[in-house]
Number of protein chains: 4
Amino acid sequence: MTPPRPLRADAARNRDALLAAAADEFAERGLEASVADIARRAGVGKGTVFRHFATKDDLLAAIVIDRMDALDAVGQDLLTADDAATALHEFLTAAAHQRQQRDLSFLQSAGDVSPEVTRTRTRLYATIDHLVARARTQKAIRPDITGADVILLMCAPNYVVSYVPEAPPDLWQRYLAIIFDGLRPAAAHPLPHPPPSLDLSDTAT
Amino acid sequence: MTPPRPLRADAARNRDALLAAAADEFAERGLEASVADIARRAGVGKGTVFRHFATKDDLLAAIVIDRMDALDAVGQDLLTADDAATALHEFLTAAAHQRQQRDLSFLQSAGDVSPEVTRTRTRLYATIDHLVARARTQKAIRPDITGADVILLMCAPNYVVSYVPEAPPDLWQRYLAIIFDGLRPAAAHPLPHPPPSLDLSDTAT
Amino acid sequence: MTPPRPLRADAARNRDALLAAAADEFAERGLEASVADIARRAGVGKGTVFRHFATKDDLLAAIVIDRMDALDAVGQDLLTADDAATALHEFLTAAAHQRQQRDLSFLQSAGDVSPEVTRTRTRLYATIDHLVARARTQKAIRPDITGADVILLMCAPNYVVSYVPEAPPDLWQRYLAIIFDGLRPAAAHPLPHPPPSLDLSDTAT
Amino acid sequence: MTPPRPLRADAARNRDALLAAAADEFAERGLEASVADIARRAGVGKGTVFRHFATKDDLLAAIVIDRMDALDAVGQDLLTADDAATALHEFLTAAAHQRQQRDLSFLQSAGDVSPEVTRTRTRLYATIDHLVARARTQKAIRPDITGADVILLMCAPNYVVSYVPEAPPDLWQRYLAIIFDGLRPAAAHPLPHPPPSLDLSDTAT
DNA sequence: AATGAATGAGCATTCATTCAT
DNA sequence: CATGAATGAATGCTCATTCAT
């Protein structure tokens, strides 16, 4: 389905180096990080980037997919935990931990750059939806919170922290805690707007 | 100190038109909105942009300062309200309302591009700090929440909503409500990390 | 309809310099002449090329249109000459003279890069068609020759000469003469294939 | 003298496949056909192309040589025909038929990329010169036409036809007929320029 | 003061060619 | 020998910024 051929050893190493370098570069300079800088950071020639990823957008998509898949795996594991509240908190912790920097790209911002991204995102969203549903059933979180709510709030801790000039690397934990407290039934006040639909339907073939 | 000369009438009109056009353009297309488009939207020549703002970044800074000043005025007003909790909530509502779109960039992202920005930001932060202190004193919010916490969380509702493809214009209210519930004493769990310092001291000359 | 504004004096000078430089460069190195080289040859910056012609193709189109219009003017003049055979010969001479070098670009090769090109070409073709029709009526050329035939053969002398390493500048006259003799009734043998249609209809609005 | 070693069987097969693939690709997309596409079409790796032909230009030269040799063989055969006029016409027909598409580039355009090309071209030119001389002697063509004239005019039919958008595959026959009529004594008018010298002497070592 | 023409650094992308596997 | 991964020069084009009009 994806590339059938297993890739030569050195090529695989380069591909990984590129993904890592690109993730760092995108994290530091946003979407306008240049391909040349990414190549330099990965220690390869500019042309090599395009051998592996036909387009800058494809490179971005590959990073996004990688991240989302890794996160989905974590979520799948946690689906079988007994305590749904702890499971959801652990999931959000893993998500925030993935990058303590400005990973703004890894949600919708990457757009529907490729059907593969859409597919992967849909899968991840479904997993989160299940995690949230379980927590709701166990009354660990308030009944008016949906999966979409959590999906949207998930990145807020990292975002918020990105504005602190020399932030300690774990500062996001503070804001995850505050937001998570907002999800608990204890402090619940009626919500002034219905939740959005993020279209979790499976539109993939 | 800063503007030495009161600016001719037409020049002032141009300056305002430019600020408005730039704000719209940045809101629609993000930071990569082109100076040429801004000039066209303002109905002036490209050169005029640079007569008023030496640099694209200076233009951005001017917008940021405008916004922060307007918000500071709102905050100052609310400092005298009786109910500190309501006052803080109203302030956050005003902040989120200012733009439901992507000029969340108006905090640190504009960097310390000019001492004027720094000065204005410091002033705004101090106001917010007071609002939060009053709410804390009235036990309307939990005791472990600082001004810096609120400053950081303030933009999260807009950020979060920016990932919803065709978001209804008031959706941010939902997430402000959730986050605000997280600030209330009712659901408070111990916070895992001390609050950051945003250096509210007045470092300007 | 086209650019309504009359263009500043220096801008017009640059535009002309660019057209001339581009024509030379295209003539020497074919379509893959680089915009950078054209700019250098015209003595302007690279950006200036794109201010005047949004696209390399637009630049090419402008040249083509210029040439075709000039040629059309010659043809229009000759439509009123008494001796249609001489008129046609003079027209073909003017066409070949326009560039003794590889002007391969100035016919279909530029494709229908813009409706303006199409329009201009249609006009030129119609003029040629009239010239040919008159010559045919006067029995100066064979009856089985159409306007399309002449249009196609028109560039052959230049093409043919382009393969002579250090061709004398008037060598094309020799081949125009030979081909023109082929158009005369005297040596006519039946033609083995019907003439093509070049769609001389006026499809423009 | 040139190929020192008789080439292994599979290598020879690859070489032929490459020549065929390259000829097709050049015909379809012109000189800017990419080596990668040629390799893919031939079913070999890109590196293999360069093992056989040190340079893209060398590959082009090899094709040119192939074509010129094939055409020379046809010409040699026709040298013994009784009717020199028919022989010449048949030769030109064969030449035009070789490809009705855009490998008219196979004359000078390939330049003197290698001495081998020069040598082959010289041989072909000599053959054509003989064919023309015989026709001239038999008064089948006008006395002021030289071998060089025919060599140059030879590709005109293909060239001319290349500007007809969806040309029927045999359209070139029409223009060959017209040009050939121009070579006949019947319509001959004095030629305005002496014939060029194409240096048919054998300058190769 | 306002304009918009000119500039050139910077960008994503292509491709002939080289070289490790 | 064959492969295809790596390379980097070159290209068309954009855009913040400068400057002549």
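Numbering starts at 1 and runs along the chain as it is shown here.
Quick reminder: no glycine exception, Cβ is built from N, Cα and C everywhere.
Among the ranges C:34-53, C:74-93, C:114-133, C:134-153, the stretch that TrEMBL annotates as DNA-binding region is C:34-53. Only residues 6 or more beyond the boundaries of the DNA-binding region (C:34-53), in the same chain, are considered here, and those with a CB under 8 A from a CB of the stretch are 11, 14-15, 17-18, 20-22, 24-25, 59, 62.
Across the domain 'HTH tetR-type' (C:12-71), the prediction's mean pLDDT works out to 92. Residue counts for the domain 'HTH tetR-type' (C:12-71) under DSSP, helix first, then strand, then coil, are 52 helix, 0 strand, 8 coil.
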